[in-house]
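According to TrEMBL, the active site, proton acceptor annotation covers 186. If you look up TrEMBL, you'll see 193 marked as active site, proton donor. Residues annotated as NADP(+) binding site in TrEMBL: 12, 13, 14, 15, 16, 17, 35, 36, 37, 78, 79, 80, 106. Residues annotated as substrate binding site in TrEMBL: 106, 132, 133, 134, 189, 190, 194, 264, 291, 451, 457. For 182-473, the entry in TrEMBL reads domain '6-phosphogluconate dehydrogenase C-terminal'.
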Ligand SMILES: NC(=O)C1=CN([C@@H]2O[C@H](COP(=O)(O)OP(=O)(O)OC[C@H]3O[C@@H](n4cnc5c(N)ncnc54)[C@H](OP(=O)(O)O)[C@@H]3O)[C@@H](O)[C@H]2O)C=CC1
Ligand SMILES: O=C(CO)[C@H](O)[C@H](O)COP(=O)(O)O
């Protein structure tokens with residue numbers, strides 16, 4: 001019989017699971033590991049001298065479970081969906097009341113709510129936990145967003161606070177609320193990640209097609225931008241990727257990569273949930289759609305030929321200091337709007353599901369470890385901590401000033417790109433949202449009139465209370 005020595009067990013030793021297990025082991029905890037391809041469990045121990053001493057591989061699920069201290073903590077790091085359900089169903093019968101199953105992969109928070117309910121009915125406990133930071137984050141310190149019972153988090157926190165990224169001595173992990181709260185926040189994190197990446201790609205498009213810069217020159221610009229307001233991991237890796245040379249051809253690496261973006265679903269989940277909550281997360285929507293359009297490469301080539309006759313104007317973009325400063329300001333302004341949309345979605349979900357999401361804390365645990373880490377998140381935390389009521393970040397004093405100052409640059413960049421035929425779906429969505437959001441008298445009065453004409457859907461009047469229907473002329 002295996003001795004019960006392991007503090008936690010990890011199931012799934014792919015990119016994330018293996019690195020998270022090594023991170024746990026390096027922090028002095030004993031970690032049992034199990035993987036569909038069993039040899040990987042033993043390799044994880046044997047290929048990592050020193051740290052491997054804290055890794056306990058198992059060649060059967062029974063041995064894996066038997067090696068865990070009670071209450072047993074079993075962390076799953078496998079692809080989202082049915083695989084999670086299948087793995088949980090296989091292990092659950094081997095566990096006892098009070099043991100905890102943790103889904104640490106990306107998950108649709110609706111699945112997490114369903115799983116929480118089903119698992120907790122059996123006397124076991126369930127935690128849905130978002131982990132961000134990719135391979136290196138998992139190995140050296142990710143940002144961790146936890147959902148589940150607060151008392152259950154208490155069982156995990158001694159390990160999670162040690163393995164999480166640290167920002168000025170504070171661990172980037174927090175309990176965010178019950179059942180699906182952690183996975184919802186991770187989903188919005190990824191939605192913001194999509195929007196941020198898309199807007200950077202659009203600026204790259206302007207630099208390439210509007211100014212005619214070479215990737216290495218762009219790399220230097222992004223490196224420079226990374227020293228100021230835009231400073232972030234995503235801007236840093238943009239500079240790194242643009243500077244890279246393909247060893248086979250000697251060309252810039254980005255020039256040999258096919259322009260078809262992959263996606264595993266978290267951006268789409270973010271858009272679906274924003275829509276369900278009635279929040280306009282238009283920059284995230286634009287980013288998800290742009291990846292979809294990008295994947296139809298041959299169709300785009302055909303359309304390009306069909307529309308070759310369209311005359312566009314030279315955008316008038318300039319690669320001089322003033323031109324680049326305008327691009328930088330436009331990106332910074334659009335970024336504020338994208339984050340405001342992500343935060344508005346979380347605020348709406350918090351209300352809808354009575355989660356009481358700690359929005360300032362979420363910004364704080366995103367400052368290190370995760371893909372969208374940046375100094376800008378400090379500004380968001382400050383806005384929520386300031387004591388003023390923040391209905392939407394676009395109404396917070398600091399951001400009103402910054403967006404007011406930067407919107408002119410965003411407007412000019414979007415207008416020039418449109419005239420030049422350079423697609424800027426996320427940047428333009430940010431600007432359109434701002435203009436829509438700041439307009440006291442909109443145009444949906446006409447929409448309401450149309451709905452009432454064709455479907456007697458009724459409308460409200462500006463001059464008196466009540467619900468009205470008008471006898472429109474028959475059409
Ligand atoms: N990669 C990343 O940057 C990030 C990923 N995530 C999330 O983490 C989770 C894991 O991702 P990642 O580590 O990248 O994935 P990988 O593809 O690298 O690893 C998948 C793991 O799941 C196992 N697995 C796959 N299919 C099955 C199955 N049918 N039954 C049992 N086990 C199976 C694999 O086992 P085997 O070795 O036998 O193939 C492997 O251990 C996902 O939810 C992902 O969205 C979250 C944050 C960042
Ligand atoms: O969760 C993550 C980072 O936070 C993963 O890297 C995620 O897989 C990225 O999403 P996609 O593959 O759809 O671009």
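Cβ from N, Cα, C; glycine included.
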Rounded inter-Cα distance in Å - residue 106 (NADP(+) binding site), the residue listed as 'active site, proton acceptor':
7
What whole-number Å value do you get for the CA-CA distance of residue 194 (substrate binding site) and residue 16 (NADP(+) binding site)?
20
Candidates near ligand 1 among the recorded positions 12, 186, 291, 457, judged by a Cβ under 6 angstroms:
12
Among the recorded positions 12, 14, 16, 79, 193, report those whose Cα falls within 10 Å of that of residue 133 (substrate binding site); none is a fine answer.
16
Counting distance between Cα atoms, which of the recorded positions 35, 186, 193 is nearest residue 291 (substrate binding site)?
193
Just report the maximum Cα pair distance in Å for the recorded NADP(+) binders 12, 13, 14, 15, 16, 17, 35, 36, 37, 78, 79, 80, 106, no decimals.
21
From the binding-site residues 12, 14, 79, pick the residue whose C-alpha lies nearest to the C-alpha of residue 457 (substrate binding site).
79
In sequence order, which same-chain residues at least six apart have a C-beta under 8 angstroms from residue 37 (NADP(+) binding site)?
none
Comparing the binding-site residues 35, 106, which residue's C-beta has the most other C-beta atoms within 10 angstroms in this structure?
35
On the 0 to 100 pLDDT scale, where does the domain '6-phosphogluconate dehydrogenase C-terminal' (182-473) sit on average?
97
State the Cα to Cα distance, in Å, between residue 193 (active site, proton donor) and residue 79 (NADP(+) binding site), rounded to an integer.
19
Those recorded positions in 12, 37, 186, 194, 291, 457 whose CB falls under 6 A of ligand 2, listed in sequence order:
none
